[in-house]
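Swiss-Prot has this to say about the protein:
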type    : residues                                                              : note
TRANSIT : 1-16                                                                  : transit peptide
BINDING : Gln95, Asp188, Ser189, His190, Arg471, Arg476, Arg604, Ser667, Arg668 : substrate binding site
BINDING : Cys382, Cys445, Cys448                                                : [4Fe-4S] cluster binding site
MOD_RES : Ser391                                                                : phosphoserine
MOD_RES : Thr409                                                                : phosphothreonine
MOD_RES : Ser556                                                                : phosphoserine
Amino acid sequence: MLSARSAIKRPIVRGLATVSNLTRDSKVNQNLLEDHSFINYKQNVETLDIVRKRLNRPFTYAEKILYGHLDDPHGQDIQRGVSYLKLRPDRVACQDATAQMAILQFMSAGLPQVAKPVTVHCDHLIQAQVGGEKDLKRAIDLNKEVYDFLASATAKYNMGFWKPGSGIIHQIVLENYAFPGALIIGTDSHTPNAGGLGQLAIGVGGADAVDVMAGRPWELKAPKILGVKLTGKMNGWTSPKDIILKLAGITTVKGGTGKIVEYFGDGVDTFSATGMGTICNMGAEIGATTSVFPFNKSMIEYLEATGRGKIADFAKLYHKDLLSADKDAEYDEVVEIDLNTLEPYINGPFTPDLATPVSKMKEVAVANNWPLDVRVGLIGSCTNSSYEDMSRSASIVKDAAAHGLKSKTIFTVTPGSEQIRATIERDGQLETFKEFGGIVLANACGPCIGQWDRRDIKKGDKNTIVSSYNRNFTSRNDGNPQTHAFVASPELVTAFAIAGDLRFNPLTDKLKDKDGNEFMLKPPHGDGLPQRGYDAGENTYQAPPADRSTVEVKVSPTSDRLQLLKPFKPWDGKDAKDMPILIKAVGKTTTDHISMAGPWLKYRGHLENISNNYMIGAINAENKKANCVKNVYTGEYKGVPDTARDYRDQGIKWVVIGDENFGEGSSREHAALEPRFLGGFAIITKSFARIHETNLKKQGLLPLNFKNPADYDKINPDDRIDILGLAELAPGKPVTMRVHPKNGKPWDAVLTHTFNDEQIEWFKYGSALNKIKADEKK
């Protein structure tokens, strides 16, 4: 086994030269850390050729990767937007908050080790408080039980483990594991970040990860392909982030649902690999299954810079037939973006698809009465923490410093990985930020996911923050519903920190230097890759031991952080009748509303405790309040989890009624485990976000959609619900919902669903995990 970082400290080698002794039959490792995981390009091409003969049409790049990973290329039905594909991903990546439940589920399956390469990354449990080293030490102390569990479980079941301080999962994957043409799934919704290296990287729930860990095919509804044609070249203050911010404004938060976003056109060759990663990362904010760029020179340069030149050379041998779209490949729809005319965007507040070009922000902010003083500027996160991001932001800081200016706001910097932190420390950007007044946070997710002990304002104070993050839902970053959070490029965030004003436009507006003289900030500049190569920094990787027989994984029965799982009961074979509505949620109901992160992250391995946050952020249509619902039997108003428990403890099934794009946001399967644990039976909505809908199915719940969305408005919180015809539940066949109003005659509504035959078995068995265990016994 190679040392975790031994091969990464090497100078950049630019160019397209191919290693002469490589052939298309060569065995090439997927990465520098695992000896026995090889790139399967030849098998992918053979599988793809079978499908090509069947379909007899040109393929997009995304289709090539998908069809090259089919479990049964001869028999698989393939219709974009219709079929369910059975796929064989190359590997799995898990972050520490979702890994706990994924591993607990894997343990309950009783298997000796994972069937595919798996890594676990400690990035979600580190709270930003005072700064990097102190925050990291505090997190290691607070989360020792969880980290010890993950370290021992990964060792026991043959997984790689990245310790706290390593960095954010997606940056680590890009630096070490991503390669063109691969298919990876990850238990985090921003897994698509790896699309910047030409990989199909898809966010999933933990139960999906368990399928692959157990050696089973993984199922995905065949996505449609949204082609985004990029022409021209960016200049000045425009950055890759602005492409996805503009696209979010065009498509909205659900415009990518059921689709892969594939970028093409001459503009794709103008970005760095990390810039392409930024664009793919935030495709999650439009609901896309994933996003991807075709293999190109920038990817070769990044692979070489990170010690993986052999992979780059191997990929060149498969460029035409596997790692690029066919000529005349057809997309289901196409959006065109002219990079020459693209300007910087600021998206928000409260939703990532409210897109405002910087030239319009002044008038829009004033018209909407948004707080104009920027209180905090935050750069970094999995979306924007590359060497290029940090270098370009540092160039702006240096320009301001030359005029005697420092940050007018609180300014935080989150390095994406230990490698990035060590490199920008060596090259001086870190010191530049500190002199500017910046606070360098730990190599972790931090404020982006609500891990922020913010103390400069009180909860309820109206204020504005601007970050280079990806999400800006209400209360997400700091728990304050009055924080107006905007997302932008790190360059623009830095400019706002200097000006301290949301109305500032660095393209047109002047600042005053320390002597009162006016000047304009110069456009940002910076290297895409470090000229002296990357500095690996501290070794933070734990490889699984060769002998795992003596490794013990312990979970204390008295722990409040970890809890072994008990199987959910199978369906009783009967229609569900007279069910109360736990809550009729109105408006945006994201996974942050359903299962809040922040202070609740510490309970992600303990289903009973984490269930105390179920739907506490959702707004009740009856009274427009959060976490205040009526028990229809007692008339008492209580919190949502308390009321759900009251129903469950009396043996009463219940339903939730939801609005559009229910479950938007994170991949966290806790948002599906919790309603199942609390006795829920069905979640009935106008529409679902992809990952959440799948997670609900995996846990034996019924995600159902109103055929007529207007029926949502006809339902009252006091109504009782029957779900009829479940014995005949079949793919494509609607079910009947009978509504019993408190006063009035019953009425019926048609509910649709997306269940296929196997998913119906999950429902009948009580969960997908129950089905796996039953199959293992056969």
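The backbone N, Cα and C atoms fix where each Cβ goes, and this holds for glycine too.
Remember, it's a predicted structure, so these values are computed and weren't measured experimentally.
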Separation of alpha carbons, Ser556 (phosphoserine) and Cys448 ([4Fe-4S] cluster binding site) (Å): 31
Three-state secondary structure, which DSSP defines for Gln95 (substrate binding site): strand
Under 8 Å by Cβ from Gln95 (substrate binding site), same chain, sequence gap 6 or more: Val120, His121, Cys122, Asp123, His124, Ile169, Gly186, Thr187, Asp188
8 Å Cβ shell about Cys382, Cys445, Cys448 centroid, [4Fe-4S] cluster site members excluded: Asp123, Ile168, His190, Gly380, Ser381, Thr383, Thr414, Ala444, Gly446, Ile449, Tyr469, Asn470
Rounded Cα separation (Å) that holds between Cys382 ([4Fe-4S] cluster binding site) and Ser391 (phosphoserine): 16
Secondary structure at Thr409 (phosphothreonine), reduced by DSSP to three states: coil
Largest tally of Cβ atoms lying within 10 Å of a Cβ, found at which of the binding-site residues Arg604, Arg668: Arg668
Which listed residue (Cys382, Cys445, Cys448) has most other Cβ within 10 Å, given these are binding-site residues: Cys445
Cα proximity to Ser189 (substrate binding site), best match among recorded positions Ser391, Thr409, Cys445: Cys445
Helix, strand or coil at Ser391 (phosphoserine) [DSSP, three-state]: helix
Residue among recorded positions Ser391, Thr409, Cys445, Ser556 with Cα closest to the Cα of Arg471 (substrate binding site): Cys445
Other CB atoms within 10 A, centred on Ser391 (phosphoserine): 22
For Thr409 (phosphothreonine), nearby residues of its own chain (Cβ under 8 Å, 6 or more apart in sequence): Val374, Arg375, Val376, Gly377, Phe496, Ala497, Gly500
Inter-residue C-alpha distance, Ser391 (phosphoserine) and Cys445 ([4Fe-4S] cluster binding site) (nearest angstrom): 20
